Amino acid sequence: MDWFMGKSKTKPNGKKTPAEEKKHYLEPEYTKVRVVDSDLKELVVLPREIDLNEWLASNTTTFFNLINLQYSTISEFCTGDTCQSMTACNTIYYWYDEKGKKSKCTAPQYVDFVMSLVQKLVTDEDIFPTKYGKEFPNSFESLVKKICRYLFHVLAHIYWAHFKETVALELQGHLNTLYAHFIVFVREFNLVDPKDMCVMDDLSEVLCTPLPPNAQQNHVTER
């Protein structure tokens, strides 16, 4: 089965949308809110005793579950009416089915396609083996890269279209930490082409920079 991702950059009438003019998720009062103090780089480096594919499989599955959970917190606000296309900044993501047919779908439809596909892949014993001695397929790395591209789209859409709801739920610290951890991970193993992530470069630069000591009081604490 071969699935594809498509995107198109568009600025209707050459004008910026109100959200594009002011990206609230970049405001310091929000970017300084995190849930951990640890160095994320240390969390993603391959341990000496662990096989690379096993490390990629474990982390990819974890990120899938966490991003799926994060999206679920705002899913009631992401509807066919509020999000008629899968957008992030000035980019629209299209879905291509196994026959190569291009579809412009609503954001909730796109996310459902992503999560259904990834769920099928990570639970396939022939692709993500869990039994001792079973080898990973030759296509494993390319599939992991495809999964990470899709998961990035979901994170980008949450920031772009649903950051206001995330703040209202007081979950921006969790979202920021998840996003930064994911970006550091995919950069460490070159899993997503930088050109595919450039739409969120401004946020990545801010969140992937360690907080100064005097900002630590702004961290969210778990209850």
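Here the Cβ of each residue, glycine as well, is placed from N, Cα and C on the backbone.
Taken straight from TrEMBL:
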type	residues	note
BINDING	Cys78, Cys83, His157, His162	Zn(2+) binding site
REGION	1-21	region 'Disordered'
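Within the same chain, the residues at least 6 positions away from Cys78 (Zn(2+) binding site) whose Cβ sits under 8 Å from its Cβ are Tyr71, Ala107, Pro108, Val111, His157, Ala161, His162, listed in sequence order. Same-chain residues that are not part of Cys78, Cys83, His157, His162 yet have a Cβ within 8 Å of the Cβ center of the Zn(2+) site turn out to be Ile74, Phe77, Thr82, Ala107, Pro108, Val111, Ile158, Trp160, Ala161.
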